[in-house]
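Chemist: Attaching a single structure in C-alpha cells format; questions to follow.
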Amino acid sequence: MTATQDPTNSTGPKSGAHAIPSYLDPNNIGPYEIYLEQVERVTPYLGKLAYWAETLKRPKRILVVDVPIHLDDGTVAHFEGYRVQHNTSRGPAKGGVRYHQDVTLSEVMALSAWMTVKNAAVNLPYGGGKGGIRIDPRKYSTGELERLTRRYTTEIGLIIGPEKDIPAPDVNTNPQTMAWMMDTYSMNVGRTATGVVTGKPVSLGGSLGRGDATGRGVFVTGAEAMKKLGMPMQGARVAVQGFGNVGEAAARIFHEHGARIVAIQDVTGTIHSDAGIDPKAALEHLRRTGKITDMPGTEEIKRDEFWGVDCDVMIPAALEKQITLANAGQIKAKLIVEGANGPTIPAADDLLAERGVTVVPDVLANAGGVTVSYFEWVQDFSSFFWTEDEINKRLDRIMSEAFGSLWDVKERHGVTLRTAVYIVACTRVLEARALRGLYP
Ligand code: NAD
C-alpha cells in the first residue's frame, strides 16, 4: 500500500464523480440514481472513511438470469430475473424478492443498496441484497407462479444460502412464495435448509410477528417521531398509500392506537373519509370485492388528490418515486413515514425539508420487517422459537432505540433524519470495510 492509498492519509478519491457502470443507461439511470445521490450527500460527513465511499456506489455482485416456464396453455414463456448483492462487509446479503412488471436492474440495485443501509442503520449483522422478476403476477395462475419461483430459485441458487444471501418477501411475493423457495433450495442441496429465506409460513420455520413486522416498525418509528414533534396520537389523521403487507398493517396499528385513517390509496383507486376508515373493514371489503373503492362510508377521490388530503401523517407504502416535485408542495402532513422503499425523490425531499415536513426515511421506518426476519433466521439456526410477545417487545425496543439515537445524530449535525441515518449506516459499513481491508 502506498502512502496515498493509506486510508488514514486520504479523505477520498481525487475526483468526486462516480462512474456510471456500462450496464446502466447514463441518460436514464433509474432508481439507482436516487441512491447514488443519497451517497453523495452523506460523503462529506464520513471523515476519513470517505476514502472507501466508492464501495457504497458499486454492488458487489449482480446475477441476471433467464427464467423459462411452461405456461398453462402449453407454451413456454421467458422472464428476466435478478439477484443483486450490494454489500457483504457486515455479514451475508439480506433482502426481498419482488415480482413486478416494471422491475429493472437499476431498481433491484437500488433496493439492494437500501438494504445495506437499512441493515446497518438498525445494526443487524447483514449486508444488503435484493431480487426480482419482471412479471405482472396477477396475470398468471398459482401453478405458473410456483414454476416461476422454483426455476428462479434454482437459477439464483448459485449465490444464495443461509450464510450467503437470504431472500424474503417484497412486493407481490408472500409466505407461500418463500415456502416454494425454501423447498426448491432444500431439494437442490439435499437437506431442509429453513434459514435460506425468511418470511416463511410459521409452520415451516417462519417467525410469529413477521407478517405485521414492517407495518409495526412504521408505527413505532412514526409514534416516536410524533412524540418528538409534539403531535398527539389520539385523533391524528393518517393517509396511507398502498394497502398490502406494509400499508394495511401500518394503518391497522395506527387505528388501534387512536389515530384516524382518512385516506387509503392502492392500485385499484383512492378512498377518503374525514370521519375515518376502519382498516379491518377496508381489508374485508378489498378481499370481498377485489378493490378498495366503493367502500360504504367513504368517497372515491382522484388518484392525484391523495397527496393534498388534509392529514397529519402520510405513509407512502406502495412503490418508489411516488413523492415528486409535482406533488410534494401539496402535502399537508407534518410527518411522512416511509413504509415503501425509495418513495421520495431527492429533490422532493429537499422541498419537504424546506417546508418543515419531517420525513422518517425508508431505511429506518420500514426496517421492522428485516429485523423480525433476522429473528426468524436466528430462530431457524437454533431451532428454538420465541413467543409473539417476545418478538414484538424486541422489535419495538430495537426500532425505538434506533430512532432515538438517529434523532440525536440529526440534531447534532443539523441535518435531515435521512442524512443522519445514512451517516450512521454508511459509517458502520465502511468501518467494516476498512477493518477487513481489500482482498487479496
Ligand atoms: P404488497 O404487494 O403487499 O402491497 C403493495 C401495495 O401497493 C398494494 O396495496 C398495491 O395495490 C399498492 N400499489 C401498487 N402500485 C400502486 C400504485 N401505482 N399506486 C398506489 N398503490 C399502489 O407489497 P408490500 O410488501 O406491502 O411492499 C410495499 C412497499 O414496502 C415496497 O416499497 C416494499 O419494497 C416495501 N417494503 C416491504 C417490506 C415487507 O416486509 N413486505 C419490508 C420493507 C419494505
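Glycine too: its Cβ is placed from the backbone N, Cα and C atoms.
Residues or ranges marked as region 'Disordered' in TrEMBL: 1-22. The feature compositional bias 'Polar residues' is assigned by TrEMBL to 1-13. Among the features that TrEMBL reports, substrate binding site is placed at K94, K118, S373. Residues or ranges marked as active site, proton donor in TrEMBL: K130. Among the features that TrEMBL reports, NAD(+) binding site is placed at T214, N245.
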Chemist: Spatially, which candidate from the binding-site residues K94, K118, N245 is nearest to the residue listed as 'active site, proton donor', comparing Cα atoms?
Modeler: K94
Chemist: Are any of the binding-site residues K94, K118, T214, N245 near ligand 1, with a Cβ under 6 Å from it, and if so which?
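Modeler: Result: T214, N245.
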Chemist: Can you grab the distance from N245 (NAD(+) binding site) over to S373 (substrate binding site)? Cα atoms, rounded to a whole Å.
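Modeler: It is 14 Å, counting Cα to Cα.
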Chemist: Name the one residue among K94, K118, S373 whose Cα is closest in three-dimensional space to that of T214 (NAD(+) binding site); these are the binding-site residues.
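Modeler: Smallest Cα separation from T214 (NAD(+) binding site) among K94, K118, S373: S373.
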Chemist: Excluding K94, K118, S373, which residues of the same chain place their Cβ within 8 Å of the centroid of the Cβ atoms of the recorded substrate site?
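Modeler: Apart from K94, K118, S373, the close residues are G95, M115, N119, L124, Y126, G128, A168, A367, G369, V370, T371, Y374.
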Chemist: Residues with Cβ closer than 8 Å to the Cβ of S373 (substrate binding site), same chain and 6+ apart in sequence?
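Modeler: Spatial neighbours, sequence-distant, of S373 (substrate binding site): K94, I166, A168, T198, G199, S207, R210, A213.
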Chemist: Consider each pair of residues in K94, K118, S373, all listed by the record as binding substrate, and report the largest Cα separation in Å as a whole number.
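Modeler: So the maximum pairwise Cα distance among the substrate binders is 13 Å.
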Chemist: Quiz question: given the recorded positions K94, K118, K130, which has the greatest number of C-beta atoms lying within 10 angstroms of its own C-beta?
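Modeler: Counting every other Cβ within 10 Å of each candidate, the maximum falls on K130.
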